[in-house]
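A.B. asks: Annotation comment: TrEMBL describes 20-32, 47-67, 151-161 as compositional bias 'Low complexity'. Under the heading compositional bias 'Polar residues', TrEMBL lists 33-42. Summarising the annotation, TrEMBL assigns compositional bias 'Basic and acidic residues' to 75-86, 135-146. Per TrEMBL, the feature compositional bias 'Acidic residues' maps to 278-289. Residues annotated as domain 'RCC1-like' in TrEMBL: 195-611. Among the features that TrEMBL reports, region 'Disordered' is placed at 20-181, 265-306. Annotation comment: TrEMBL describes 194-250, 330-382, 383-440, 441-497, 498-562, 563-616 as repeat 'RCC1'.
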Amino acid sequence: MPPKRAAATRAVSAAADAKAAMATSSKKSVTKNASTNGTTGKVTKPAGTKVTKSVAAKKAVAAAEIATSRKKAATKGDESDKENKAKKAAVNGVKRKRDVDEEQVNGVDEETKTGRRAAKRAKSQPAEEAATMQNDKEVDSTNKEDETTDDTNIAAKSASAIRKRKADEPATKPAMKRPARELKVINEPPTQVMDVFVFGEGTAGELGLGSVRYDGKKPIDVKRPRINHNLKNVVQIACGGMHVAALTKDNKILTWGVNDQGALGRDTTWDGGLRDINEEDSDDDDNDDTGMNPKESTPGEIDTTDIPEGTRWVQVVASDSATFALTDTGLVYGWGTFRSNEGILGFSKNVLVQRTPTLVPGLSKIKKLAAGLNHILAMDEKNKIYAWGAGQQAQLARRLLERDEGSTGLQPTGIGSLPHRAKPDMIACGSYHSFVIDTKKRVYGWGLNNYAELGIEDGVGQEGSYLMRPQLIEALAGYKIVDIAGGEHHSLACTEDGKLLTWGRIDGHQVGQPSESFSEDNTVWDERQKPRILIFPTVVPNIEGVVKVAAGTDHSFAVTKDGKVYSWGFSANYQTGQGTTDDIEAPTLIDNSAIRDRKIIFAGAGGQYGILGALPLEDQGEN
């Protein structure tokens, strides 16, 4: 064995043993994570909360009405002064409206933005409401002029006036949503509807099957693909670590799964409780009580309170604890938080946990998004790539000082140009690494590489090894790559002519390669002479016609042009859809009665689950 490989072998042995121990306890750890209901960070107002006038404001208005009745003989000069003040207020309102329009694209401080949004909403109210607001301003001005009036007399009359006002005034009208600013449409939403099938762990609600039995089956430990009756008209799905987001044809974003750090973008407060999930629980157990929060385990629409009316969604992506959505005008909204090695890193410089959707400042004319475990990539219409989130493994393609990670890493920043003046066409992420496919179908990568996640030999087998800047993956140079995906420590891609290539960590059969694929030239071996790392991208035998790939933490999927789907890798939680907890060593057709005659067009993978999308039966004959 070459000396370099021998050193790498010793470095990965301990990690391999730890991996085996983790597999044994994975279900208990998932249960623990699912039962934790943290509320760290900045809590925002729940959806549907109404804003009404305070008692103090009502007293001020009543007092002003009394004062006004005593000043009926006010001079015309006073009236003129009020009119001038009103005009000045109107001019300031217009100015604030212009400021809000500019901020929608450029981004501003959250407190300033909130104040200016209120001004814009006031501007968009009906004429009669605007007139009422103006009268309130004039009454308030009059009230200030009478501050020396006897307090006791005013208080007595105020109480009577308040009672009369409450009886006379109509019910409060809901605030009108501000319309989306008219920006150029640069993106079109997907239109192909899918039937959604799920399988895997489910104890964190990540399958979206609800919290109780359906058709006699429980929503946990689903061994093989099962249709999700809670999801209709879905056109796109994004799988996070333990939560999922879906875009529907009628322009809704639905989320389900773990919401501890706001990843669902909606209020999932529940008065019920949790119970411990036993290892013996399964989908055919007699006990109906799963103990799961029904608001988390059932798909629900995100809070749209701060989303401008007329916004159209075109894409959603999900990381471990955050979700981001792209609009047809190229704006990006997000919610949740990022995590670093030390814990919660934050959502932005000033927000630890963002629990409802908010506009991400500094981004415009974005065409595509991609999500890693705790980092995001975005590509704009000029093919410039931005990255933000956690960057401790160089997945942001820039060096961050530890003290500045929360302030600079959380701000979308360009990664610079690719080598050879390559023009990006597609972006993708693994847990701690990133990829770009250029217009010539070449692949560039950066980020963590200790398990050869990037398919590059540099630093393989060395703890914490990474590549700071995008580098051409020479081992893929002879292929035209059309799709690529990354797991925690492995990656896979498919070529224009349907070949499947895999590389990276081996000990959980993540690469799906037979033993004859491993040699002294392309593999790192452990001290027991077992293969641990496949360094270079290698064609997987016995599978053809692959058009799409997907990767979970340690399992993977490949979709073929004839609508079949294959899976392999770690399967302790049924995440391969093969009905077993044994690892699946090579790509194996997923075949059960639910999908046997269906044409699969999508596969997605999370931590302990998998999701498939199939053409509706009525559409299969047309494709």
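Note: Cβ is positioned from N, Cα and C throughout, glycine not excepted.
Caution: TrEMBL annotation is automatic and unverified by curators.
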A.B. asks: Give, as a single whole number between 0 and 100, the mean pLDDT over the repeat 'RCC1' (330-382).
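C.D. replies: Over the repeat 'RCC1' (330-382), the predicted model scores a mean pLDDT of 97.
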A.B. asks: For the repeat 'RCC1' (330-382), which partner among 194-250, 498-562, 563-616 gives the most CB pairs under 8 Å?
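C.D. replies: Stretch with the highest Cβ contact count: 194-250.
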A.B. asks: For the repeat 'RCC1' (194-250), what are the DSSP-based totals of helix, strand and coil residues?
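C.D. replies: DSSP classes over the repeat 'RCC1' (194-250) add up to 0 helix, 27 strand, 30 coil.
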